[in-house]
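Undergrad: Got a structure for you, written out below as structure tokens; questions coming shortly.
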Amino acid sequence: MEQHVLVALALSFVGGLSTSLGALLVIVNPSPDLKRLGLLQGFAAGLMLSISFLDLAHNALNSIGFLKANLWFFAGVLFFGFVVKFIPEPTFVPTTDASKKKTDDDGSGKDMMKKHRRQVLFSGIITAVGISLHNFPEGMAVFLGSVKGLRVGVNLAFAIALHNIPEGVAVALPLYFATKRQMASI
């Protein structure tokens with residue numbers, strides 16, 4: 001392979017690998033409770049939404065016009081809604097017998113916590129699928145930008161790497177919370 005193709009592949013890899021850095025930030029912290037989960041998810045979502053609406057939407061409106069930009073935006077929303085319909089909701093198989101179930105159902109909240117964990121796990125899976133679909137064209141953009149010129153590729157890889165860190169947090173945090181396993185979040 002030619003040298004510039006290898007450099008372009010390496011820059012794409014580095015841009016995508018920064019998602020793992022966000023996941024690592026989740027794993028090195030203690031297991032989050034519901035309050036911290038909501039706070040960190042809100043921070044990651046707010047950061048990504050602000051980038052989308054303050055920068056990307058503005059550029060799209062200026063580049064292709066109001067109508068086309070909004071049509072593509074809502075087409076993406078519909079596409080992702082369609083994808084979500086095909087992802088089955090996770091279930092937790094009970095490992096206890098019926099006699100133990102009666103003792104757990106004494107108002108201690110274990111069943112409610114299981115339900116919360118299942119919902120959080122589903123949220124994490126949906127987020128992972130969405131970000132995976134989102135990261136594929138990003139990798140292509142870094143690769144093509146790097147092939148065009150090293151300076152363009154490095155700048156693009158750096159920008160994508162920075163915004164992939166909160167994406168890693170957004171994926172790893174609910175998976176880590178729901179499964180209580182560190183390695184499931186990587």
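Glycine is treated like the rest: Cβ placed from N, Cα and C.
TrEMBL lists these features:
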type     : residues : note
TRANSMEM : 6-27     : transmembrane segment
TRANSMEM : 39-57    : transmembrane segment
TRANSMEM : 69-87    : transmembrane segment
TRANSMEM : 120-136  : transmembrane segment
TRANSMEM : 156-178  : transmembrane segment
Undergrad: Counting Cβ pairs under 8 Å that are 6 or more apart in sequence, does the total for the transmembrane segment (6-27) and the transmembrane segment (69-87) reach three or more?
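TA: They do not touch: fewer than three Cβ pairs between the two stretches lie under 8 Å.
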Undergrad: Checking distant contacts: for the transmembrane segment (69-87), what same-chain residues at least six beyond its ends satisfy Cβ-Cβ under 8 A?
TA: 57, 60-61, 63, 122, 125-126, 129-130, 133
Undergrad: Which sequence-distant residues neighbour the transmembrane segment (39-57)? Criterion: at least 6 residues beyond either end, Cβ under 8 Å.
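TA: Distant contacts of the transmembrane segment (39-57): 22, 26, 32, 69, 73, 163, 166-167, 169-170, 173-174.
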